[in-house]
Each structure stands twice: as structure tokens, then as C-alpha cells.
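A.B. asks: Just passing along the structure, written as C-alpha cells.
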Amino acid sequence: MALALCLQVLCSLCGWLSLYISFCHLNKHRSYEWSCRLVTFTHGVLSIGLSAYIGFIDGPWPFTHPGSPNTPLQVHVLCLTLGYFIFDLGWCIYFQSEGALMLAHHTLSILGIIMALVLGESGTEVNAVLFGSELTNPLLQMRWFLRETGHYHSFTGDVVDFLFVALFTGVRIGVGARLLFCEMVSPTPKWFVKVGGVAMYAVSWCFMFSIWRFAWRKSIKKYHAWRSRRSEERQLKHNGHLKIH
């Protein structure tokens, strides 16, 4: 069983690495980070679809069955995601592209998935955490691509930022709190699984503080820009021309 899991994770790692190399060849005029973020975007979309199917259709429901035995589909998805996180953590360390908080998030994700695979249980709630964590990932990558191509300061950029902040707050913080509560009060999950859940939720709050600061600064900047335009419009309406300093 352990050998089969290792082979699945190894195949996943090779698959993501091969996809990254392919993107590098296809985007030779772009940076390595461009190709890595394409891989991240691909994993985000794929993991959202698979984890949503497991949570909402295949089951079991994570809010009522935490700590339940892993299903074969859960194992496959966790192995697929574990291979990705190992690839991405290695890339981040090699290129030194991320700070300590993101590295801690990746490390906790890897340890959490390994723990669920080794125990043969708690894949239900780990899959739910995967869904919540990856739900905002495509938006984060879209924001980066918009900045790189010079289209961030637009209506599209504003929509992407709004959806990212709203989903992060509502799902990772709001729904995440409910999932953590169900995990803590249930007698089924192991105590160290619960500790891991608390650690992941704490990391989400660290991200949340940074996101709220960003949202506040952007809102203030947008407000001042709006006030400036309104002032110029009133001046134009009153004088018939703009005053040039």
C-alpha cells in the first residue's frame, strides 16, 4: 500500500514537472515564474473540480463525517495534489520567490496530506481544506497575469480583486471556521489532525490580515481618485474649462 502511494505521488510530481517544462518551452520569451504560475493555475482549476465533486457529490460530507476512512478517489486526489505541492515548494525554495508565510503554508499542506494518506483517514476534511484553499488560487494567478500584461488597472482587475477578497473571507475564513469547529468537537479525528487544522486556519488568518490591508489601501486610493475626478468635473462644469496648474 505504501509503495503504491509513493508511486502515485512520484507520478504526480513528474507530471507537474513535465507540464512546467512544456510551458517553459512554449513561453521562451516569458519568465520562469510565468510558466510556474500557469502550472499553479492548472492545478487550481483541476483540484477545485475534483475536490468539489468529492465533497458535494461523492462524499462523505466533511462537516458531519470528519476523520472518516479515505475513499479511493480521495486518495488519488490527495496524491495528485501532494505531487504538485512538492514541485511548487521546491520551485519556490530554488528561486527564492516566496516569503516564510507561503513556505509555511506549503509545508503544512504537504504534512497534512501525508498524514491523511499514512493514517488512511481524515481525507474528507483534508479534501475540504484543499477545496477552500484552492478556490481563490485561479483568481490570484489571474491577478498576477493581469499585472504582467499591463491590464491590472482596469475594470477586470477590480472584479478579480473583489472576487478574491470576497471568496477568501467567506470561504477560507467563514466556512473554514465552521469546518474547524466540526473537526474539534468530533471525537473521531486524531488529536494531531486537529492541531494541524488549527495551524492551517491560523495561516489563513495571517494571509487574511495582509489581504484586508491591501483591500483597504486600494479602496482608499480608488476613493481619492474618484474625489479628484469629481472635483475636476465640477470645475469644468462651473468654468467651462479645466484649470491647469
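Each Cβ is built from the backbone N, Cα and C atoms, and glycine gets one as well.
So TrEMBL says this about it:
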- 6-26: transmembrane segment (TRANSMEM)
- 29-204: domain 'TLC' (DOMAIN)
- 38-55: transmembrane segment (TRANSMEM)
- 75-94: transmembrane segment (TRANSMEM)
- 101-120: transmembrane segment (TRANSMEM)
- 158-179: transmembrane segment (TRANSMEM)
- 191-212: transmembrane segment (TRANSMEM)
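Can you walk me through where each of these features ends up in the structure?
C.D. replies: Outside the transmembrane segment (75-94), and at least 6 residues removed from its termini, the chain residues within Cβ reach (under 8 Å) are 5, 8-17, 20, 36, 39-40, 43, 46-47, 50-51, 54, 102-103, 106-107, 109-110, 113-114, 116-117, 123, 126-127, 130.
Long-range contacts of the transmembrane segment (101-120) within the same chain, counting only residues at least 6 positions beyond its ends with a Cβ under 8 Å from a Cβ of the stretch, are 5, 69-70, 75, 78-79, 81-82, 85-86, 88-89, 92-93, 126, 129, 133, 190, 192-193, 196, 199-200, 203, 206-207.
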